[in-house]
Amino acid sequence: MSKADELFVSMCRTILDHGTTTEGEVVRPRWDDGAPAYAIKAFGITNRYDLRREFPALTLRPTALKSAMDEVLWIYSRKSNNINDLNSHIWDQWADESGSIGKAYGYQIAQRSCYAEGEFDQMDRVLYDLEHTPFSRRIITNMYTFSDLHEMNLYPCAYSVTYNVTQEAGDERLTLNMVLMQRSQDVLAANNWNVVQYALLLMMVARHAGMVAGELLHVIVDAHIYDRHVPLVRELIERPQHPAPRVSLNPEVRNFYDFTTDDLIVEDYVAGPQIKGIPVAV
Ligand SMILES: Nc1nc(=O)c2c([nH]1)NC[C@@H]1CN(c3ccc(C(=O)N[C@@H](CCC(=O)O)C(=O)O)cc3)CN21
Ligand SMILES: O=c1ccn([C@H]2C[C@H](O)[C@@H](COP(=O)(O)O)O2)c(=O)[nH]1
């Protein structure tokens with residue numbers, strides 16, 4: 001059975017059985033009819049996925065792997081903050097007339113800073129460090145720029161990534177691991193969506209660096225199930241679980257910036273039925 005299902009079910013049970021409700025609090029998000037979107041939340045969830053064992057896709061319901069990969073390429077490869085560069089409609093409600101979501105996500109990854117070796121943007125610096133100083137403990141991207149927050153339509157949720165390389169005894173190749181810091185997580189709409197995104201990012205960066213994709217540690221500060229999602233989640237976590245699909249990347253692509261969603265190879269993805277029309281709190 002998929003490890004991602006196991007972790008997802010256990011996280012949902014923790015939230016439903018031991019979480020606290022935000023009802024009565026002043027909350028920001030709204031449902032499309034204007035009602036406040038309350039939630040049951042748990043503080044401080046950590047989930048660990050080992051990509052050497054299996055790909056962390058949920059099988060309780062299918063996760064749109066290609067769209068998820070497209071969004072991660074939009075941020076870290078195309079470095080865009082405009083929904084016209086994105087092939088799905090998931091960000092439409094947060095964009096302005098020009099399609100911009102403000103100084104968020106890809107905009108931050110594209111920002112250049114000075115280093116002793118010259119100017120780099122955030123992603124280029126990660127790739128440079130992995131090549132030149134792989135055991136550095138300073139390999140980070142961070143989109144939570146305080147001075148730009150007022151120009152973001154939604155503050156980044158999954159906001160920082162720290163890469164860390166390990167070398168197992170007797171292993172010739174280095175292993176690349178990742179910590180994803182997420183301040184806020186809509187568990188039903190986006191938990192597995194975010195997990196597969198960063199698993200794919202780890203796989204693409206590892207390929208570029210000539211390393212093995214190792215562990216993804218997902219730290220979630222506020223893991224919540226919105227009130228209108230509770231019955232959907234209760235049904236979802238009772239469903240049968242299946243073995244994880246096999247997910248790989250086109251073996252011919254070696255450069256991080258050459259990846260497209262056509263390079264995603266998914267085999268044997270057996271999953272329960274999709275939950276259609278999940279309402280998203282804006
Ligand atoms: N309340 C809230 N929850 C979120 O998850 C969220 C936001 N707001 N604001 C911005 C983005 C948009 N996100 C979303 C929104 C919808 C899907 C979604 O419906 N995904 C579908 C597939 C969509 C497709 O294939 O195009 C899915 O089945 O996972 C995923 C992430 C994540 N973010
Ligand atoms: O990648 C994402 C983007 C957004 N979310 C969710 C988490 C929250 O439910 C909302 C953002 O609302 P805040 O009030 O700014 O926390 O979007 C996600 O889970 N994953």
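Heads up, the Cβ atoms here are built off N, Cα and C, so glycines get one too.
Automated prediction, rather than curation, is the source of TrEMBL annotations.
Sequence annotations record features per position, and here TrEMBL assigns active site, nucleophile to C157. When secondary structure is read from DSSP and collapsed to three states, C157 (active site, nucleophile) falls in the coil class.
Residues or ranges marked as dUMP binding site in TrEMBL: R137, R138, R183, S184, Q185, D186, N194, H224, I225, Y226. DSSP classifies R183 (dUMP binding site) as strand under the three-state reduction. Remark: R183 (dUMP binding site) has Y144, Y155, P156, C157, Y159, V221, D222 as non-local neighbours, by Cβ distance under 8 Å and separation of at least 6 in sequence.
Sequence-distant contacts of D186 ((6R)-5,10-methylene-5,6,7,8-tetrahydrofolate binding site), defined by Cβ-Cβ distance under 8 angstroms and a gap of at least six in the same chain, are H224, Y226, V280, A281. Marked as (6R)-5,10-methylene-5,6,7,8-tetrahydrofolate binding site by TrEMBL: D186, A281.
Close contacts with ligand 2, defined as a Cβ under 6 Å from any of its atoms, occur at N194 among the binding-site residues R183, N194, I225.
Checking the binding-site residues D186, N194, A281 against ligand 1, the ones whose Cβ sits under 6 Å from it are D186, A281. The maximal spread of the dUMP binding site, taken as the longest Cα to Cα distance among R137, R138, R183, S184, Q185, D186, N194, H224, I225, Y226, is 36 Å. Taking all protein chains in view, 10 other C-beta atoms sit within 10 angstroms of the C-beta of R137 (dUMP binding site).
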